[in-house]
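Here TrEMBL flags A:31-52, A:78-105, A:117-134, A:140-159, A:180-201, A:221-237, A:288-309, A:316-334, A:340-363, A:383-404, A:424-447, A:513-539 (among others) as transmembrane segment. What TrEMBL lists as domain 'NADH-Ubiquinone oxidoreductase (complex I) chain 5 N-terminal' is A:68-118. Residues annotated as domain 'NADH:quinone oxidoreductase/Mrp antiporter transmembrane' in TrEMBL: A:134-414. Annotation source TrEMBL lists compositional bias 'Basic and acidic residues' at A:459-488.
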Amino acid sequence: MDMKSLYLLVPMAPLVGAIIAGLFCRIIPRWVAHTATIAGVAIAFITSIVIFKDVMAGNTFNGAVYQWLTSGDYKFEVGFLIDSLTVTMMLVVTSVSLMVHIYTIGYMQEDPGYNRFFSYISLFTFSMLMLVMSNNFMQLFFGWEAVGLVSYLLIGFWYTRPTAIFANMKAFLVNRVGDFGFILGIGLVLAHFGSLDYATVFQKAPEFANVTINIWGSSEWSLMTVTCILLFIGAMGKSAQVPLHVWLPDSMEGPTPISALIHAATMVTAGIFMVARMSPLFELSTTALSFVIVIGSITALFMGFLGIIQNDIKRVVAYSTLSQLGYMTVALGASAYSVAIFHLMTHAFFKALLFLGAGSVIIGMHHDQDIRNMGGLRKYMPITWITSLIGSLALIGTPLFAGFYSKDSIIEAVKFSNIPGSGFAYFAVMAGVFVTAFYSFRMYFLVFHGEERFGKAHDDHGHAAHDAAAHTKSAHDDHAGHGDHDGDHDDEEVSHDHHHGLAPGQKPHESPWVVTLPLVLLAIPSVIIGFIGVGPLVFGDYFKMTIPGTNGIPVIFIDNAAHPAMAEFATHFHGAAAMAMHAFSTAPFWLALSGVALSWFFYMKRPDIPAAIKARFEWLYTVLDNKYYFDKFNEAFFAGGARMLGKGLWKGGDVAVIDGTINGSARLVGWVASAVRCFQTGHIYSYAFTMIIGLVVLMTLWVVRA
Amino acid sequence: MTLAEMSFVLPDLRPAAAEIFLLVMACAILLIDVFSKNPKRTMTFVLTQVTLLCCVFITFATSSAEITYTFSNMFVDDLMADFLKLLLYLTVLVVMFYSRAYMLERAPHATGEFFALTLFATLGMMVMISANHFVTVYLGLELLSLSLYAMVALNRDSVQATEAAMKYFVLGALASGLLLYGMSMIYGATGTLEITGVAERLAMGVANKTVLTLGLVFLVAGIAFKLGVVPFHMWIPDVYHGAPTAVTLLIGSAPKLAAFAIVMRMLVNGLIVLAVDWQQMLIILSVLSMAIGNLAAIAQTNLKRMLAYSAISHMGFMLLGIVTGVVGGDARYALNAYSSAMFYVVTYVITSAGTFGMILLLARSGFESDQLDDFKGLNKRSPWFAAIMMMLMFSMAGVPFFVGFFAKLSVLQAVVAAGYMWLAIAAVIFSLIGAYYYLRVVKLMYFDEPTDTSPIDAPFDIKLLMSANGLAVAVLGIFPQALMSLCAYSLLRSL
């Protein structure tokens, strides 16, 4: 088999699995659904490894597999660009996806939508692969929208829950905002470059470095800056950067496996991947990079704070995802694209591990997600405990663990960066280290150590559940816009929570092997991948190979004269082991350590202190609990504004203008129809007469006039 | 005159091999059918299908990229002819497949004739497609029309059908008269009836302009009748409505290909020098057709009648591709424009065959299923066929990513390239108005309660073909490029 058909096999195998499980989801038994989809993803994974070896041997590819249509001079094609960046993403996507597929067998065991779920996650894998393997903007946009669609379907997977419907609607709408910028950016590329092909665009990009365009008024804007910022707005939506981050925490309404796969490991990193892929464009605009680094650092720091006060186990992990995505964005802004991709990769493994670990805890706790009801689980769930510990250590950047290498590289790269905003970014990523360590281990201690709070204190639990219900209620309140149904929702939620959770005296139990096996398999890369990867990926030649089809443009292009951060950073690197040794004498390590120590002291030793702080700084707690009022603002301003606009348009536009026009045109149609009927008498002589009239008119116009 | 000069030289029969074969087979089938005792007419049916398949083969085998003339230049064989004929065979094949059960139920005594007449009509269309002489055009046209008149009246007990046939016949005769008169004028002006010869004489600029224009007006009127564009459209609603649905299916699909071909032969190949004149005439007809076709379709309650008005508007839209070929004496965009019109007509034929096929599929004895209300709640009766019908309607309306969208898009591109901005805007507005009545069918199928809940009992093979037809509209919408390129290539080799 030649390589081209292998490339094609990678996205197609999961697609076939998705079709089998999806189209026949009502007919086939469960084992067929999961066998077909797992086989599809496994084939994709193995093929990706083969392709990886081939790429390592120097065989890259860039070409169309199908020409969809031509419109004038524009060509729209389906094609693949296979190079080191693509193949890295392929490996991450297929391997995490494979783990999540296996895990799902255990997690969704009792769910009636079992086959549908497998179909969706395989469809997601297909879409994501199309996105990363694309060699042009159109296919990128296809993949971009397709993953968005699957994400929407999966957040609302339990479509009978009002909160899930609200969350998927929110994710959908917020992503539309980002996509609007994204498609405008693509439109600018097509308008000015005349092509959507990456290679052509990258090749031509330097010619456009000093081109300016007129957007409104007489102000001149640099074309590359506008294009890159618009493309990045797309990335902000997909990769949940402030202020378009609001959908990601709510997306935790979906089943846990997809929180791991889509909302942590892969889909949300699409924006990061896209910016790295577009490095030849972004390098031409320091302004755009500055915008990127500022947005990234705000996300990295401020989303971390929110993680501190969350009590839902999945939401804690969700906020850490937001914060880590901020780190990756900061790296992009500092022109350290390879570091961003490296962090993307390590993060994919340890964050998937943390999410799946959280899912395992949720199974053990019979679908109670409140960490205040847990504690001491170490004894009952040993495998989940040890793997979660590994994941947490990787996340906070413990030397030698995967997260350490990628996160420290980001911090170092930012230190050497000189673009506007890098000073703030350096502060944000440093402070973020402490915050990350604090909330990660807060969760870890509350879940796995200390007093066993489950089962016995059911009154407390009821209270907590009520808290959660009240919380979701506020969402409904805004959503529904009028309060008469809220009582019902509230009752449903409370009874729902009572139904789940451990009964008094019941103990949590370790999850089945299909759940723990992926945990173990993900724990391995969470430990070692950083040590192996840091040399070649960040400093080596891995990303320096030429993009096939271009005139020597490397996969990750850095304008070292303008953005010297990476070059300078590279001179300080003396191997992975030395980097880890050196870490013990640097600030991030001690910040992380103090974060862990403080959380131990607060939540294991003196639980009264956090409570006291909460009472003392009530206003701060309120701000954090309301997530800086982003949701409130969106609800009031955008949703409220849209409702007002809609009402105005309805009253003014619909009723007055459109109804007027429609009724008017309906009358016109009626008139025309009756006129036509008048001629269409059914009498043959009137038909002949009409024909003759037509002929006479034509003759008058042409013969008599001439 | 010497004997040698008078000796008869056998013309080159190869380019017309398919026509000759079809003629022989049609006569044979007519005879065989008379002696056939089988009430299901299996033999006749199979033979007609086999004949058409053989024609596919013959046309393929004799096809070449060269343009060949035969029968003293009266007959031409080029790639456009081959391509259109292949589509014609396939369309007729599909039409007969859809029609068989319906005809056996409605007119069991005449089903054999139906097949034979269809073959004669097909032969007429083939002659039209390959005509290089005004008399050949007329010959093909009359063969087609006479067969169709008879077929409309096949169900002779039906008052509606006989009335429709009579109207069609009288008006058709009138139109033929106009066409012939136009031809005679052109003969008077140029001294020849051979289409390529006319083009040569006109290029020399020796013809009398007044006589020529008079002839052109009559010629356009005759063509307009065949295409069914306003104001020569009056027969369309009555004939579509009155004829048995199987015959409507035939009239509404394959002859559009032949009509397109004679437009190309007579106006483009023959009278390109007069392009300024006939383009302006056709613009008037086109805008009127889009306006009246789309507006009148809204008021219809009968699906066949609605589709008749929709056909008028579609032919008007297709003409937009024809009228934008020559801009101010510059034929730079001609290939693009004509191939967009060809692509439009081809996709229209595919979609239209599917739509009428759906009416046939749902019809059963004593029930025509041709009212709009008969499609109410189809989704509850058969979600699959409701989805197929939805795709067909979407394609007709020009909803993106169905083939009808690309057809409209390519015609509009030609119109914009030719600089007729107002024409493009008018076309889009009328298409939008048209979308209303197509989407109404979808609304009826999906959001209304069925008035009739009986399951659909059509033979499996027809269901299969119907599904393929519907899916073709979707698949061609995703992969339109191949068909577009085929249209462009076959025209490139024939102009």
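One is the number of the first residue shown, and numbering goes on along the chain from there.
Cβ coordinates come from backbone N, Cα and C, glycine included.
Curation plays no part in TrEMBL annotations; they are all automatic predictions.
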Apart from its near flanks, which chain residues at least 6 from the ends of the transmembrane segment (A:316-334) lie with a Cβ under 8 angstroms of it?
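Distal contacts: 235, 239-242, 245, 248-249, 251-252, 259, 263-264, 268-269, 271-272, 275-276, 282, 289-301, 303-304, 306-307, 310, 340, 343-344, 347, 351, 354-355, 358, 371, 395, 407, 409-410, 413-414, 416-417, 419, 421-422, 425, 428-429, 432, 435-436, 439-440, 442-443, 563, 565-566.
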Can you see whether the transmembrane segment (A:288-309) and the transmembrane segment (A:340-363) are touching - at least 3 CB pairs under 8 angstroms, only pairs 6 or more apart in sequence?
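They do not touch: fewer than three Cβ pairs between the two stretches lie under 8 Å.
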By Cβ distance under 8 Å, which residues at least 6 away from the ends of the transmembrane segment (A:513-539) in the same chain are close to it?
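Result: 88, 96, 99-100, 102-103, 105-107, 338-339, 341-342, 345-346, 349-350, 352-353, 356-357, 359-360, 363, 383-384, 386-387, 390-391, 394, 400-406, 409, 570, 573, 575-577, 579-580.
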Any chance you could find the range in A:140-159, A:180-201, A:221-237, A:340-363, A:424-447 with the most Cβ pairs under 8 Å to the transmembrane segment (A:383-404)?
A:340-363
Looking only at the recorded stretches A:31-52, A:140-159, A:221-237, A:424-447, which one has the largest tally of CB-CB distances under 8 Å to the transmembrane segment (A:180-201)?
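By the under-8 Å Cβ criterion, the transmembrane segment (A:180-201) pairs most with A:221-237.
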Where does the mean pLDDT land for the domain 'NADH-Ubiquinone oxidoreductase (complex I) chain 5 N-terminal' (A:68-118)?
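Mean pLDDT for the domain 'NADH-Ubiquinone oxidoreductase (complex I) chain 5 N-terminal' (A:68-118): 88.
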Work out, from DSSP, the number of helix, strand and coil residues along the domain 'NADH-Ubiquinone oxidoreductase (complex I) chain 5 N-terminal' (A:68-118).
29 helix, 13 strand, 9 coil
